[in-house]
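Accompanying notes for the structure given below.
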């Protein structure tokens, strides 16, 4: 009896849930959700979707039901934006792909089967979160369909990178990476990274277009290019992947030596320049993303306040080094145009700051696009926008008329007036249209006030009768015109159609052709080996087979010829070995296995050119052994260094270099600060600053793991006696000569003695028993 009652209860529960699901499915009307009629056009549907999406987005609307409402809006737009799904919904009340009588018969079976699956496999009963809709509601608001990806994500990827996850139902690995994905999404979305999720089961066309043939897959999109993430799914790896998508030249490292050149580039680049002062040696990811979003409008630089030589900048611009400070410079490099300072800068604050300072105070019109932005078309009588245009000749330095025009613009900043200037020799048609009497203004500057009436180029304008010299009378006349214009817009009596501006900053034809060719080759490469590799496999197999047939015989013949030559020349090689054997130094049998085939040690100089390849990007497991020397000790130390390390050159993981102490003392002292047992680095204002002698120091640098081992030479008896004999020398004389002569009266023999124990140190290095000093990052080698 009890079993029968339990069975009836379960049946009643099943029927009740089934009825509720059917009613909820019938209540969903995409037209009502978007608030449009059944005859609405795609433009109306898209407009309504954008309006509702902005209103109900969970990040902006704190209503508890905002997320559910946003999901309904997205589903409604997905149905109505697809003509096939919309037609199916209008005819059968559902957005599926099947039609007609078969579709109507399958609807009841689908509802019951859907309920059956949810009942037996829902996580609320058995905790198996295989259904993606039940598994993670956070993915719902990031779901992409093909039209949304093509029309919105790809164009938007030219302003910000996108991180997209490909998932599916019954994906165990997808469940495994969910916690990491949630954490990364929450972090990167706040920084401005676009997020997307593609369900491979429902959006097969989009998944195939992206080249994702397995789940889970994570990829990045920037500038329309797709890059796959091929590393362990952890937070740090995903963050580095997004950072690697960005171009490397977005932010320039600014120091006390180059900040004047950086800020003075506004005239050539026609852009404001932004500087961020911060205490971290690495550029923040938020700042890089901002630089990518506004790369067409501003130039970005970064100042690490912990670097030597930045004190002058911090004093000059009154920077608080204990909090991040953002400055924007326009035409004047001595004083920033705007400043913000905050310990925790948010993306919205930075975006508002950058948007308010996107253009120079009196920007130069270099393209038609910039003309549209600075001088927009009038939308109504209340939204009039006037442009005051200075027509002047191009000069290498700022001319007096332009400086006067700039000072006038600074003193008369208004929302309805924008000040710009044009180089008459570069935009001759544009300037000729605004100057009715070109001969009267030949070689002189002129000022015109204009208002755009439509996008076709129609403008009304007024040109000042006399040339612009920048005098006080000229400023007074221009100010009178602007005051009169507020009361009587009919002052602009002349009318004309302006020609389109020539793009002055566009690359020349050959460069454009080269860039287009590179992009085309890159797209072809991606389409062959990335997106459509499965379809291209037969063709690739055919090509490689043909190449093997054509060149196989040639390669075999070449190897046979070389083997014949080797068989015919053993006596010559024996004679050569006897000759070289006389010149090579003798070594013990114990070290004979380490002796390379070369009869010399290859030692390269560590400079700013070889710094990246020989250290920063050194392969894992490889080390660079660097000798510190000066110009006066170079010959003697290199000879002794080569003799000491010769027996260790048989290892392919060791590289040998030398560093000039005269050129890169600051770099060396920065590294030695991380050595726990190293002597303290003196202050640069100390009178004994330049007396410290680092010649003979040897550093074993591991570029991949960012650590180094230190060899410090021990003073020999001869060296101590030589130094003692110099103690009576006048200290001022010693200071004057110490820069070029680090040791007084030391011959080459005591200098070579500094490296007498280097071979023992090298053996300990290979054993791994030396102390390691880790550093956060490799400093730049200036």
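Cβ atoms are placed via backbone N, Cα and C, with glycine included.
Candidates 591, 631 were compared with Swiss-Prot; the annotation N-linked glycosylation site appears at 631. Of the listed segments 498-529, 530-561, 562-593, 594-625, Swiss-Prot assigns region 'Disordered' to 562-593. If you average pLDDT over the topological domain 'Extracellular' (557-782) in this model, you get 70.
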